[in-house]
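Encoded as structure tokens, the structure appears first; notes follow it.
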Amino acid sequence: MKPLVIKLGGVLLDTPAAMENLFTALADYQQNFARPLLIVHGGGCLVDDLMKRLNLPVQKKNGLRVTPADQIDIIVGALAGIANKTLVAQAAKFKLNPVGLCLADGNLTQATQFDPELGHVAMVVAKNPALLNNLLGDAFLPIISSIAVDDNGLLMNVNADQAATAIAALINADLVMLSDVDGVLDANKQRLTELNSAQIEQLIEDKVITDGMIVKVNAALDAAKILNCGVDIANWKYPEKLTALFAGEIIGTRINP
């Protein structure tokens, strides 16, 4: 099977029991299957918590975090430090051979500033898969934070969904986006197994998909179009279902290009 990139939402990092469940499922899966796995993560909630403790303002423009030069070191510390090493520690506990990385390591991606008004925020594209191919070939579990470096050597914050998409494109992998939702629900609150672009557009127009779910669905749709394959939105709360998800079954909603 193709490798699988698992994108983790930051809320998971605030939920120790959920992390335990996730890595229990990963360990169980790796004992029974040979599919290479990678994790890509953000950690916005950790950043917000750290900024609050330091009495620093959180600025946003059109819903995107503004990252001024005097805050990028704090954000790097939260994402590439606290968040990444917390996940590495959990994976090590379950003997999963984790390696903590960022998007700049081994020239995995090319980063370009997204919008000067957002400061140290970048978009990334796939660049060099050699490091990941070597790690996966030796049965390591790469855990990659959404921190990048641009051509000028500047540290950059990257949207974690976009980072996961670039990593999946880099190694021709499938992508699963894990969060705290079961998937996309219809007007009767029943889970929809699969959706395509036209169906998503209609559900948004009908106000069935609203608010934060629009962001999640559009991120998955963007990824599906880039990867030219279905991208799953699923919940990390059900460890008994995660092993099936990692094996390719739909437990949430599959977003097709």
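Just so it is clear, glycine is given a Cβ too, placed from its N, Cα and C backbone atoms.
What Swiss-Prot annotates here:
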{"type": "SITE", "residues": "LYS7", "note": "site 'Transition state stabilizer'"}
{"type": "BINDING", "residues": "GLY43, GLY44, ARG65, ASN157", "note": "substrate binding site"}
{"type": "SITE", "residues": "LYS216", "note": "site 'Transition state stabilizer'"}
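The structure, with features from Swiss-Prot marked on it.
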residue	record	Cβ contacts under 8 Å, 6 or more apart
LYS7	site 'Transition state stabilizer'	ILE39, VAL40, HIS41, ALA160, ASP161, ALA164, LEU175, VAL176, MET177, LEU178
GLY43	substrate binding site	GLY10, LEU13, ALA78, LEU79, ILE82, ALA83, SER145, SER146, ALA160
GLY44	substrate binding site	GLY10, ARG65
ASN157	substrate binding site	ARG65, THR67, ILE72, ILE75, VAL76, LEU79, HIS120, VAL121, ALA122, SER146, ILE147, ALA148
LYS216	site 'Transition state stabilizer'	MET177, SER179, VAL181, ILE233
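The substrate site, placed at the center of the C-beta atoms of GLY43, GLY44, ARG65, ASN157, has further neighbours from the same chain whose C-beta lies within 8 angstroms: GLY10, GLY42, VAL47, THR67, ILE75, ALA78, LEU79, SER146, ALA160. All protein chains shown were included, and the count of other CB atoms within 10 Å of the CB of ARG65 (substrate binding site) stands at 20. According to DSSP, GLY44 (substrate binding site) is assigned to a helical segment. Of all Cα pairs drawn from GLY43, GLY44, ARG65, ASN157, which the record names as binding substrate, the longest spans 12 Å.
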